[in-house]
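Structure first, then comments.
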């Protein structure tokens with residue numbers, strides 16, 4: 001069995017300066033979390049493990065802090081501010097490397113998060129006899145040449161390939177090509193720039209895993225279809241307090257005491273929703289030490305939790321709430337509570353179950369000293385049919 005030849009030394013450029021708006025993430029997609037860590041970190045770790053040194057990352061203006069956080073702990077990484085176009089960003093990174101020029105450089109799109117080591121190896125070895133090497137895959141679908149909304153001609157897919165990154169180059173060749181580029185529009189990729197400069201490009205086998213993360217659906221596909229969280233809360237009953245429970249006010253001789261309106265039912269639901277998406281608990285988001293939440297309506301807390309669920313790529317599946325008390329009687333108010341909770345979560349009342357029980361006169365709830373509530377919540381990936 002032949003022993004693979006060692007990889008030659010190389011530098012790498014990771015292009016991460018785009019806005020990434022189509023991905024529908026709260027931050028540019030290269031900094032969004034995917035499979036447990038920022039998209040950018042995936043490919044940088046792969047390049048670093050393969051021996052890339054240094055790695056120059058082109059980032060948006062004023063994104064230094066978020067980029068540094070995304071790559072915390074990874075050594076030999078240099079940041080440069082990207083330009084208006086991808087080509088401008090690559091040029092800036094190449095110029096940064098030019099002071100100590102490497103012999104070979106790989107240029108990779110950060111949005112291609114999964115970067116298999118065999119692809120890196122094939123691209124680098126493809127430079128043994130060419131000024132450039134790019135990973136490609138065959139075209140599997142039939143193709144048509146369009147003229148407006150009509151088919152004008154067929155296209156021969158046998159001679160076409162899908163192009164991926166990382167694209168590898170002899171550094172001096174690609175730097176000279178970028179400096180000489182006079183195209184009227186931005187180049188489609190760096191191989192196009194080198195070809196315009198008379199360079200030779202080798203084609204090597206790509207990998208389907210190098211899919212580019214582009215749309216919101218690409219991020220959702222990585223999410224679990226359903227996640228579950230639970231919550232529990234207790235508040236003391238005191239005279240002179242209003243009793244808010246399940247988002248509605250009840251008439252009773254005592255009310256629940258707390259920093260906010262002390263609605264244990266909504267608090268339990270908030271904790272269940274936050275737990276389902278791994279966002280801590282109600283105290284993390286609304287600390288009782290913060291005076292702005294003094295006497296606050298718990299409806300604000302549950303709406304905040306629902307917003308975080310949405311931002312995480314999920315929608316509320318269902319809520320199962322149990323209120324534990326001797327008094328007041330919950331039965332007459334269950335439907336109103338369910339309706340109000342559904343309104344706050346922008347979901348159907350059918351998705352909300354409100355139940356009540358007692359502890360048979362045992363414990364603090366049995367003695368009428370307080371009310372407890374527990375909740376279970378499911379959140380469902382937003383692209384799942386309702």
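Cβ coordinates are placed from backbone N, Cα and C, and glycine is handled just like the others.
Features of the protein shown, as given by Swiss-Prot:
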- 1-226: region '2-C-methyl-D-erythritol 4-phosphate cytidylyltransferase' (REGION)
- 22: site 'Transition state stabilizer' (SITE)
- 29: site 'Transition state stabilizer' (SITE)
- 157: site 'Positions MEP for the nucleophilic attack' (SITE)
- 212: site 'Positions MEP for the nucleophilic attack' (SITE)
- 227-386: region '2-C-methyl-D-erythritol 2,4-cyclodiphosphate synthase' (REGION)
- 233, 234, 235, 259, 260, 281, 282, 283, 357, 358, 359, 360, 364, 367: 4-CDP-2-C-methyl-D-erythritol 2-phosphate binding site (BINDING)
- 233, 235, 267: divalent metal cation binding site (BINDING)
- 259: site 'Transition state stabilizer' (SITE)
- 358: site 'Transition state stabilizer' (SITE)
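For the recorded positions 29, 267, 358, a Cα-Cα cutoff of 10 angstroms around residue 282 (4-CDP-2-C-methyl-D-erythritol 2-phosphate binding site) retains 267.
The Cβ of 235 has fewer other Cβ atoms within 10 Å than any other of the binding-site residues 235, 267. Non-local contacts of residue 233 (4-CDP-2-C-methyl-D-erythritol 2-phosphate binding site) by the CB criterion (under 8 A, 6+ apart in sequence, same chain) comprise 264, 267, 268, 271, 282, 372, 373. Taking the Cα atom of each, residue 29 (site 'Transition state stabilizer') and residue 212 (site 'Positions MEP for the nucleophilic attack') are about 11 angstrom apart. Reported as a whole number, the C-alpha separation between residue 212 (site 'Positions MEP for the nucleophilic attack') and residue 357 (4-CDP-2-C-methyl-D-erythritol 2-phosphate binding site) equals 52 Å. Each of 234, 256, 258, 262, 263, 264, 265, 266, 268, 372, 373 belongs to the same chain as 233, 235, 267, is absent from that list, and has a C-beta within 8 angstroms of the C-beta centroid marking the divalent metal cation site. Looking only at other Cβ atoms within 10 Å, the busiest spot among the recorded sites 29, 157, 212, 259 turns out to be 29. Note on the region '2-C-methyl-D-erythritol 2,4-cyclodiphosphate synthase' (227-386): its mean pLDDT in the predicted model is 94. Here the Cβ of residue 260 (4-CDP-2-C-methyl-D-erythritol 2-phosphate binding site) has 21 other Cβ atoms within 10 Å, regardless of which shown protein chain they belong to.
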